[in-house]
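Participant: Below, the features straight out of TrEMBL:
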- 29-128: domain 'Phytocyanin' (DOMAIN)
- 1-26: signal peptide (SIGNAL)
- 152-172: transmembrane segment (TRANSMEM)
Amino acid sequence: MENLRVSMIMIMMGWLVLLTSTLVMGGPTLHKVGGIQGWNQNVNYTEWSAQQHIIIGDWLIFVFDKRYFNVLEVNSTNYENCNDRDFIKNITRGGRDVVQLTEARLYYYLSSGGYCYHGMKVAVQVEDPGAAPALAPAAPAKNASPWLRMYAGNHMILANIVLSLAFLLFMMH
């Protein structure tokens, strides 16, 4: 019976270490722009972007038909006016194009050839994971910012850790 208790404690401690290391050392995330619809016309990229939590080091992948579309990084003025001249960078390579986000700032992307006017533009806010998030309400609204959703999610993780520790203490006595 004592061996079973020791085994259970070791399993729970291993799970706790795994959970904690995943939270602390979480690697970069690959975000598919537009989700299942990809980089295409008539997709609400403002809504898609608002649902993402993107941090420095994460990647964007644009999946599209390269015969029709492309991906250009532009400044805010060109983004607002759907101007594809004087772009910052053309990231188009083959229709499954990735870009790593290396700074905490607002990135702007669009498709040229008039497709921007059909909604093919996205602004992506990249956050610094080391920066403290703003104070958040206990239960964020459905349309809350990604920081607020992350803050609420961290409470659930913390609750799981506390419950795991309580279980371990119970098992030890």
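Cβ from N, Cα, C; glycine included.
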Participant: Take every residue in the domain 'Phytocyanin' (29-128), average their pLDDT values, and give the whole-number result.
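Facilitator: That region's mean pLDDT is 97.
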Participant: What counts of helix, strand and coil residues does DSSP assign across the domain 'Phytocyanin' (29-128)?
Facilitator: 19 helix, 30 strand, 51 coil
